[in-house]
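Asker: Handing you a structure now.
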Amino acid sequence: MGTRQTKGSLAERASPGAAPGPRRERPDFWASLLLRAGDKAGRAGSGLPPYHRRVGMVQELLRMVRQGRREEAGTLLQHLRQDLGMESTSLDDVLYRYASFRNLVDPITHDLIISLARYIHCPKPEGDAMGAMEKLCRQLTYHLSPHSQWRRHRGLKRKPQACLKALLSGNPPDNMVDLSGIPLTSRDLERVTSYLQRCGEQVDSVELGFTGLTDDMVLQLLPALSTLPRLTTLALNGNRLTRALLRDLTDTLKDPSKFPNVTWIDLGNNVDIFSLPQPFLLSLRKRSPKQGHLPTILELGEGPGTGEEAREGTDQQDPIGSPVTPARGQESTECVIQT
């Protein structure tokens, strides 16, 4: 007589040779990942910079849409928006109030996310909607990751230290110190500080995006950076910086002798820096009074820059110099993004 086989034993016996089913990501997986990232990222330099997680979410979102899983893609988009600090619930609200969001640290990412929301929540049957979706995801991936830096610095991925040594020798080309995409250590920062002190009179721009910087590492560089007399732009995007650093930067900017000619500091795509405080923006504007594209909440809430006039003015450039899409809320009056 044969032995009685239970469902459990059959499952165990069949599992090694069973063909795996389609892989489906659980929505709660991304939610728990964001919670863990919020607790740990940026503390004492632990973990990877958040752009790794965000790029992974964009790629997974595109995969879901290709498979026709729009509901799951919408849920994942909510998690991505949460990770990027976009708390608005209505797509119309985002579009109509875009001018008031101009103090966002990374308007380009937010504009791409809004476009993604349109394709996911309000799909249009005509035209190549999937092609447009793929293009948006490529643009967002490119913007959130250091691909452009790898192209600028040949051999960066293979020999980052050799690349750093070459960049810190001689005078800065085009008056720019471009170290973007090169992972930096505390010891490297000492070499960078010495270089800035030696060649600081020539430096107009410093690029430190995607270098793995933490708050403490930026504070280590701050004395050298803040005394560069010709510095106009400072890029700190794609690192592990937190809101705590904004207090130090804002306090430094209150001193007119520090960062005397800086017009913009790029803090996008970091851990939890989603908007810039008004004292920070006002200090920048005092240094560049002729630049009218550094608005504050006070200006947008009073005087001639309110209501329809504020919306009509949103076709000027945003603080990082790229065109801002005008509000087009009338195109999506039925669309609401769930949170």
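Glycine is no exception: its Cβ is also placed from the backbone N, Cα and C atoms.
As annotated in Swiss-Prot:
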{"type": "REGION", "residues": "1-25", "note": "region 'Disordered'"}
{"type": "COMPBIAS", "residues": "11-21", "note": "compositional bias 'Low complexity'"}
{"type": "REPEAT", "residues": "203-216", "note": "repeat 'LRR 1'"}
{"type": "REPEAT", "residues": "228-241", "note": "repeat 'LRR 2'"}
{"type": "REGION", "residues": "294-339", "note": "region 'Disordered'"}
{"type": "MOD_RES", "residues": "S322", "note": "phosphoserine"}
{"type": "MOD_RES", "residues": "T325", "note": "phosphothreonine"}
{"type": "COMPBIAS", "residues": "330-339", "note": "compositional bias 'Polar residues'"}
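Burial and contacts for the listed features, if you can.
Answerer: Regional average pLDDT for the repeat 'LRR 1' (203-216) in the model is 97.
Across the range of the repeat 'LRR 2' (228-241), the DSSP-based residue counts are 0 helix, 3 strand, 11 coil.
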Asker: Using a Cβ cut-off under 8 Å, which residues of the same chain at least 6 positions beyond either end of the repeat 'LRR 2' (228-241) come close to it?
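Answerer: Same-chain residues near the repeat 'LRR 2' (228-241) but 6 or more away: 41-42, 45, 47, 49-51, 106, 144-146, 175, 180, 196, 200-215, 218, 259-271, 273.
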Asker: Near the repeat 'LRR 1' (203-216), which residues from the same chain, at least 6 beyond its ends, have a CB less than 8 A from one of its CBs?
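Answerer: For the repeat 'LRR 1' (203-216), the far contacts come to 42, 44-45, 49, 51, 145-146, 149, 172, 175-184, 196, 225, 228, 230-242, 244-245, 248, 266.
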